[in-house]
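Undergrad: Pasting a structure below so you can have a look.
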Amino acid sequence: MKAKGLAPLRIGPWSVFPPVVAAPMAGVTDKPFRTVLKEHRCPLVYTEMISDKALTYANRNTMEILDITGEARPIAVQIFGSEPAVMAEAARIVEAAGASIIDINMGCPAPKIVRNGEGACLLKTPDLAVDIAEAVVRAVQVPVTVKMRIGWSSGRIVAPELAPRLEAVGVQALTVHGRTREMFYSGQADWSVIAETVRQVSIPVIGNGDVWEPDDALRMLVETGCAAVMIGRGCMGNPWIFSRLVHWAETGEMPPPPSPEERINQALLHLEHIVALKGEERGVREMRGHLSWYLKGIRGASRLRAEINQAPDRESVVRLLTEHREQVRGQ
């Protein structure tokens with residue numbers, strides 16, 4: 001694929017170029033990480049998924065997740081639930097908070113979500129899924145999108161049939177993860193079902209699943225005909241996947257992957273973002289997961305991770321990372 005052939009993703013008034021976006025991920029795409037992604041020129045980011053009921057109760061932790069003040073637009077806020085009226089009310093709250101786009105979660109496979117008839121469980125109740133989408137579309141003025149999986153199981157592939165129904169009630173874009181709910185995150189994403197879904201609708205379809213490197217994103221665009229690519233686990237500890245794709249789109253040249261030294265430098269910057277927003281104790285604790293992703297594959301990472309997990313404060317983490325950076329410099 002050539003950079004000149006790349007077209008922007010269009011959702012309502014928003015033009016997203018290049019057409020690559022960061023997935024909503026619970027416990028990952030918080031405000032500090034969204035800041036990192038924007039620093040790496042990711043053109044569209046999503047919040048973590050937010051419960052509709054928690055929004056209507058104005059739950060304190062939930063309102064923290066919804067805090068998108070001061071962030072560059074566009075930004076999408078993802079909500080989940082199983083009752084059309086409650087989802088509509090939640091959507092109005094999210095719109096008032098400044099969301100550029102409201103996304104409905106129809107793909108989360110977590111048992112605690114599915115047990116409540118939410119997330120991927122909606123793939124088993126397509127009529128309810130459509131009712132929810134219609135209620136949300138009617139409740140707000142901003143564009144409404146849906147993120148779903150290809151189906152509940154290998155015997156219940158529903159995305160190609162459900163997609164036109166969602167389009168008919170006003171959904172303006174769809175993200176399709178090429179796995180079923182029963183697969184969770186195992187096995188290989190089936191891009192052919194994404195391609196089939198693309199053929200069934202005129203609205204943009206965003207492909208998702210097994211995009212680990214820039215070349216995977218470009219291959220997905222070609223093989224599925226999707227309008228854009230959503231990157232989830234592939235950007236954890238690897239925000240460069242976006243800056244590299246942006247550089248390629250602008251110049252036709254793909255930059256090399258980051259060096260171990262660059263990865264540690266980015267981890268240090270991310271640590272500063274998270275501590276500044278959440279305080280030292282909480283920030284250091286929550287940063288441990290991100291650090292394991294930043295350090296993956298770096299020589300001595302296993303020992304370093306173990307030491308960081310015991311580090312009591314920011315200063316100790318900075319010292320450990322700085323010392324290790326000197327050891328791997330030039331690799």
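Note that Cβ sites are derived from N, Cα and C of the backbone, with glycine treated the same way.
Relevant sequence annotations retrieved from TrEMBL are reproduced here:
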- 22-321: domain 'DUS-like FMN-binding' (DOMAIN)
- Pro24, Met25, Ala26, Gln78, Lys147, His177, Gly232, Arg233: FMN binding site (BINDING)
- Cys108: active site, proton donor (ACT_SITE)
Undergrad: Starting from each candidate's C-beta and looking 10 angstroms out, tell me which of the recorded positions Met25, Ala26, Cys108 has the most other C-beta atoms.
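TA: Comparing the recorded positions Met25, Ala26, Cys108, the most crowded Cβ belongs to Cys108.
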Undergrad: Cα-Cα, whole number of Å: Arg233 (FMN binding site) versus Cys108 (active site, proton donor)?
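TA: Roughly 14 Å, rounded to the nearest whole number.
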Undergrad: Report the member of Pro24, Gly232 (the binding-site residues) whose C-beta atom has the most other C-beta atoms within 10 angstroms.
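TA: Counting Cβ neighbours within 10 Å, the top one is Pro24.
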Undergrad: Can you tell which of Lys147, Arg233 has the most other C-beta atoms within 10 Å, given these are the binding-site residues?
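TA: The largest 10 Å Cβ neighbour count belongs to Lys147.
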Undergrad: List, in sequence order, the same-chain residues at least six positions removed whose CB sits under 8 Å from that of His177 (FMN binding site)?
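TA: His177 (FMN binding site) has long-range Cβ partners Gly107, Lys147, Met148, Arg149, Ile150, Ala189, Asn208, Gly209.
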